[in-house]
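Everything below concerns the one structure shown next.
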């Protein structure tokens, strides 16, 4: 009818109007003949066929075929090995067939929906107790020790400095400048290494 999509055919053609059409297809369905007609490939003024070799019609058919739904077709891997790779730690291939580069991104196969459901069910029955990272615990303990050491050394020196019991945060500007210099030196050393 038109080269672009038409929502209301009544905008272009009214019932009873005479139009030029081209027969583009004929099918038998349930003892009936289905006839496909096209107004696009015929000049409506003269009735001349604009697509005598049916090139435009074939292109449209190809476009329609490409939009078919392929969700029912599942990609299946035929031979998945029941092994674990020594290089990357992923299942399904040997180390000699592994393409992973050292320090590269690791990829593994996505489990089927059925396997995910089974894993979810087993996870509901068995809820493991979360274990904390031991390195985090060590870091926290070291931090607490340093904090305690600072408090004890500060409290010793602050008793002699102030009579009210409160310790002074910054005793002098000279010590503050010295700390900044030390920090800068440490910072520079880190970048050089």
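Using N, Cα and C of the backbone, Cβ positions are placed for all residues, glycine too.
Under the heading domain 'S1 motif', Swiss-Prot lists 1-40. Residues or ranges marked as phosphoserine in Swiss-Prot (evidence: similarity to another entry): 66, 135. Annotation comment: Swiss-Prot describes 83-100 as zinc finger. Residues or ranges marked as N6-acetyllysine by Swiss-Prot: 96. Residues or ranges marked as region 'Disordered' in Swiss-Prot: 113-193. Look at Swiss-Prot and you will find 118-129, 163-177 tagged as compositional bias 'Basic and acidic residues'. Feature annotation from Swiss-Prot assigns compositional bias 'Basic residues' to 134-150, 178-193.
Confidence for the zinc finger (83-100), expressed as mean pLDDT, is 78. Across the domain 'S1 motif' (1-40), the DSSP tally of helix, strand and coil residues reads 3 helix, 15 strand, 22 coil.
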